[in-house]
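Below: one structure, written as structure tokens.
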């Protein structure tokens, strides 16, 4: 960004020019924005107009009491539209009621408007505005910085609250300074003093230590002036202060020590941040926390490059391919993307941009060259040679291969490569040496500079230059002489030469290498994998090769021998595939340093006895040497590790094996007799091999036998005595092998592969330390006892397998029984039960089995165990799906499963068991691997969304699947770990699991297979020994509020997966029977719906649609109830009879009266009758009632009213009236005890009471009208006389004081009872209770009948009575 682009234009009125705006300007300058232009004039002057046009960001201070200059506003908006200028509006002094500015800004698309508010001070408004301006001004520099900022803040916060030190490390231009500035801007306000010294090494060289200290600390922070004479003065002033110091681009630890003095003179909680491209700086400064800055990802890189190159959306499509080449070359390097983007700006056609980019690659940016050259100059000669060799020849090569060659050159690469890594010049990734493309080009430019200065080049890699040196000019004397390469090149100076002959064809002259006395590395190859030979030819012979050669790599070497005068005393590797060699050389040569011989597909080779002189030989690769008849006895080659003789068809016998050999490949040889440890040759066409392999003689140190099929092998001998060091045994595709002996003596055997042994029926026993077992496609019916060490078991396609012995302590971590159709479901269940116990035992400390996860217990867990825990799943399993499996495992239809986790489970939480059923299309055969991707989504209590995705690998490619399969995965990585800083409440909320099949590239397999059912189980230390189908899924839906469209959609998906009969049950509960007792609801619904209600409730509970409380009540979350009612309302227009029935039931005017008689109620307790009525259809019970009290109810803002019968003096009947907790439109009346007198007469009815039939126990109406209330037992009234069973009622004489005592006792007991009622739905609110009590002294319950809407009102207000008039009498 140029200087003019950093201008910030501020438009304001004069009243705020020296108040708010001055603070804003000063804050911007503190952030490094020095070009701030403030315009407070009413009119737009020429200078103001110029600044508006040049500014990158315009801040418009819009007042509430004055108008703004329309000229300035129009000009700013015009620049925003035509020049991509950023406008930041600030409403200052605008009251909330003044919405004109907000409406106008909203219409213009301003999504971010800063507004002064009563609760927001001016300082806070300044802070918000500055942050917004800064981010918009330096937008490109901020790309990709946020995620890095979070990571480094987390690293800082983990350090103890002493003086904290953090290093930021990375290659030049990767963004170290930008990240340090972001941290400084973010955290500087938390410190008493702070300073950021950019390019620290240069600053301290120019100003000196004392001047720099005075400039950064004393003048600004302590208010002192003058020269620092005593360092102790500064230390005293900063001793107890929290100080933030950022030293950028430090190249030497000594200058840090002189400036900071060991960091010990700052106050506690101070923070020192050092950025450097040299990791050794941090080590010498004792900075242990080091953050390595990575490059931008592809999306961020494309975004930055498009901005810098000014590529709009239309041009992006045309230039996308070229842009991706630039991005791939830059490899996420921000500085390179910025520089290349600006250089390529204006190139609108792909060919034009590509040509310009190729020119830029030839000459890297000077700023980057200087930075790399400065690091290069600090290296010693050996390290420089290593750097140049990697830049020219070894980019992306195996690190061991590079180490071996450079070690042979005497460069001590084990030390040198570490130095290059610390200086950010190379990296080691996936065991390969990596160098950024820019650094590689700079390294090669250093070589080219040598040519310009001395006319000499030490390393050659350009094909045209090498061709000019090697080509036989006599054969091409008529060709035009090449001028691209200097003829003054001195062959004696050449140390390395790598020639790619993919597009070349020429003749190499006879004396091409005579003068190359220092040539260490020589390689002729073809980079085109489709070309199997190199187009170069030698006419006659080759006179010589340099004796200092360490690497001789010559593909398709055309001669039968190497030059006789070549002395390979320094040779480390011979790699000559597809050569015409018959023998390496005649006579005896000293091969002391030779470690690798690769002569693959040298079909003329007949003798290899020369390798016996290579005492340090490690690798021999003679694959495809079809004329080679013998392999020498290599027993004395103590370092030999790898021998590959595959395809050597003329080799009939194999000699003594070296003691330390690790890998032996005899595939396709003619060997007919081998020890068991070598196993078999691979020659599919050879049918007369021995049917029995003899014992293990002389092979005690063989560690791996990587051999392919021996189709005629029928039996393995048991006569061996010495098991040796055999660690891997592969017998795959031995189609005639029928049995396998007991191999318990092979104690070091770790892997056994019997895949493809289609006739194998019997296995006697396995080695006790076996870790991997493959029985794919065998005919085994019963697997013997598995070893306790087994971790991986694959029995895919074992169609005859019926049982597996389960008398073992633990199971493999991963095992597959796909296409094992005869395997019983009980065996599958036993495996799952045992696997859960393994998870508990392996991943939970012993104390947690009883006491749960205490903090001390977690702290006692070893760090290594936790790291191992995060690497893999705890358990995975695959088997064919069975018909009755869905009901046992309770898999819900669909590919998603929703659960809610109770916070109390965290103490015993182990992980999750995820069960997925996958349907495969007919003829499915996977050729890209198969796995299942699990996406887990959740929200915490604050409503923040989280997401985690894990990919569960199921099997390798080539597996044909014939029917549906069930996959089970136990994941222990998802459990919260407070030691790692995770939010402990994160798993207390709604969690959604989504599953879909993927291939090896994690792309969905939509057409060939689909997830049909799934389920999730919570595994705790409590249920670890429980059968998988008896483990309840995570149920609790009510502990906290659920909200959001995403959650509602998940609930609807869960409902949609139900069968129709269970949908009906769900809707009845949502509309009618929430908070009701299961024993009451089950028989009632059974009369309405022909179903097993108990099982249906269990189905809904498993799907987390309801919960059955400890006292037997059905509980449904309010969001689910609301969803059910919406479904009824939405479906009401359809002809579905079920929906019509439920809809009509919810608005019906009939009354439900249900007599509850619980078996647990004692005989001396009064019966209760509950009447539930709709507020729009109130009912009558014929009696006259007097209100004697009311009290608040926990979990409800409204009271409960208490009434006693006033129809007859001395009656014990009582009732309670309250609002339903689930539906505010429903009133709940609870009758306690029975009346001891006849019904009122008609005369009394006219005076305030009515006559009717007894309401003791009304018939249950099958068409329910509304939700039934909670069932509560009445208080113990054993001291009272019992009510008569039926009229006529006996007259009783009761004293008035006894009645009052009874009322008070009932009220007190009820208060105590409600004190312990749990708050199930704190979010539910009831309607105004005053609407229920329409008169302060009289309560009327009315109802609406089908014939019309009629209400009855009681007129007796003098005695505090409530008159209930039934609709039957009113309808008369």
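Glycine is no exception: its Cβ is also placed from the backbone N, Cα and C atoms.
Model, not experiment: these values are computed from the prediction.
According to Swiss-Prot, the feature motif 'Nuclear localization signal' maps to residues 950-964, out of the candidate ranges 950-964, 965-979, 980-994. Range 1246-1288 is the one annotated as region 'Disordered', of 1246-1288, 1289-1331 (source: Swiss-Prot).
According to DSSP, the secondary structure content of the repeat 'LRR 9' (723-747) in residues is 0 helix, 5 strand, 20 coil.
For the domain 'TIR' (2-137), the model's pLDDT averages out at 74. Residues of the repeat 'LRR 10' (749-767) grouped by DSSP class, helix first, strand second and coil last, total 0 helix, 5 strand, 14 coil.
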